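Student: Let me give you the structure first, and then I'll get to my questions.
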Amino acid sequence: MQAVQQEIAQALKVQPPFADAAALEAEVARRVTFIKGCLANARLKTLVLGISGGVDSLTAALLAQRAINELRAETGDKAYTFIAVRLPYQVQHDEHDAQACLDVIKADEVHTVDIAPAVRALAAEVVELKNGSPTLVDFVVGNVKARTRMVAQYTIAGARAGLVIGTDHAAEAVMGFFTKFGDGACDLAPLSGLVKNQVRAIARSFGAPESLVEKVPTADLEDLEPGKPDEASHGVTYQQIDAFLHGQPVDQAAFDIIVATYRKTQHKRELPFAP
């Protein structure tokens, strides 16, 4: 492991690879306990999470629903609730995957909020977007989608006295692959410190089908490039990112991209600048 790999892995609190099935189950139990503790500390009984159809939100939701199930069993209090939220922009091209995720999660409640009217209304009011290039406008509006989704989740959480769950993990964090104050905003991040392969392994341990576990990851925020794979944006694969974070050798080109991207996106992982 090179020094910079160790530095980044420590900063992101990257967890070691699962040694075996028992280690995986112990990590699942630890993270479920973490979720339960967050609710106890906040003196709240509701969790809210947006379900995209990808493995990250699927895995976070499975952990959340298990935490809620355990709290109800332990306390006898039926007020504990997990709310899964679908947040499509009109009709999502992979809606069938999102519905398949919901079938696996079996959330206590499922809400759907179409973010398109809000996103379009805001975009129409911003003069700077009227003369921008199509590519720039598409990128900016893509971030508006992510932030609108988080506004919707916090609106539901506020109305139901709940906490919002985030889906960020180490393989996305190192690349700064989230929208600031969008999907990067949350009250708790139960996947933090995990690499992508570990997220998939946890989903698999819950019995999620391989079609969802191994689905090609996509943020799917840009209309001009619908379903664009994360890895196309990264310039490296998740396998390479995972290997880097676990201190394993990666080719020099991938190494340089990961380090440069980590440094360039440092501001996204920090609190706002202050004097």
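Cβ atoms are placed via backbone N, Cα and C, with glycine included.
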Student: For the ATP site that Swiss-Prot gives with Gly50, Ile51, Ser52, Gly53, Gly54, Val55, Asp56, Ser57, Thr167, Lys196, which of Thr81, Thr135, Thr148, Thr218 also belongs there?
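Tutor: Between Thr81, Thr135, Thr148, Thr218, Swiss-Prot records just one in the ATP site with Gly50, Ile51, Ser52, Gly53, Gly54, Val55, Asp56, Ser57, Thr167, Lys196, namely Thr218.
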Student: Identify, among the binding-site residues Ser52, Thr167, Thr218, the residue whose Cβ has the fewest other Cβ atoms within 10 Å in this structure.
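Tutor: Looking at the binding-site residues Ser52, Thr167, Thr218, the Cβ with the fewest others within 10 Å is that of Thr218.
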Student: Where does Gly50 (ATP binding site) sit in the DSSP three-state scheme?
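Tutor: Looking at the DSSP assignment, Gly50 (ATP binding site) belongs to a strand.
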Student: Taking Cα atoms as reference points, which of the binding-site residues Gly50, Gly54, Thr167, Glu172 is nearest to Lys268 (deamido-NAD(+) binding site)?
Tutor: Glu172
